[in-house]
Amino acid sequence: MAHIFVYGTLKRGQPNHKVMLDHSHGLAAFRGRGCTVESFPLVIAGEHNIPWLLYLPGKGHCVTGEIYEVDEQMLRFLDDFEDCPSMYQRTALQVQVLEWEGDGDPGDSVQCFVYTTATYAPEWLFLPYHESYDSEGPHGLRYNPRENR
């Protein structure tokens, strides 16, 4: 089992969360909420308003999201779902626990896989950086789900 940290459309209440609940993809168990220990730019970009965590450690904000424990089957599914390694790259990062279910305490640090990208348009660096993502957020950039494209 591995920990993954999701910050965008895979979070609870977001457009793609349903794939985390589909056991045909493997197992994913919610473990808590956290934030990246290092700062990163979280931007919303492209014609479909996709959230992207740019792999630029030290720039942007500590990003909040959710921590899941996943099995190997779900990890492989998510790699495919996130078009890894072409669109996103699966990166191991330290995540500080904000709220935890079960063993563990707030303030602890957990190593998680996170889908980041090092391949992006240069103008993305000038987009607003977000601390957290909500498809319905005040940014007004509603995500366009895959099934609508």
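In case you wondered, yes, glycine gets a Cβ from its N, Cα and C as well.
Since the structure is predicted, the reported quantities are computational estimates derived from the model, not experimental observations.
Pulled from Swiss-Prot:
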- Tyr7, Gly8, Thr9, Leu10: substrate binding site (BINDING)
- Glu82: active site, proton acceptor (ACT_SITE)
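The substrate site is set by Tyr7, Gly8, Thr9, Leu10; from the centre of their CB atoms, other residues of the chain with a CB within 8 Å are Val6, Lys11, Gln14, Asn16, Pro51, Gly65, Tyr133. Taking the Cα atom of each, Gly8 (substrate binding site) and Glu82 (active site, proton acceptor) are about 11 angstrom apart. Of all Cβ atoms in the shown protein chains, 27 besides its own fall within 10 Å of the Cβ of Tyr7 (substrate binding site). The Cβ of Thr9 (substrate binding site) lies under 8 Å from the Cβ of Pro15, Asn16, His17, Ile50, Pro51, Tyr133, Ser135, Tyr143, each of which sits 6+ residues away along the same chain.
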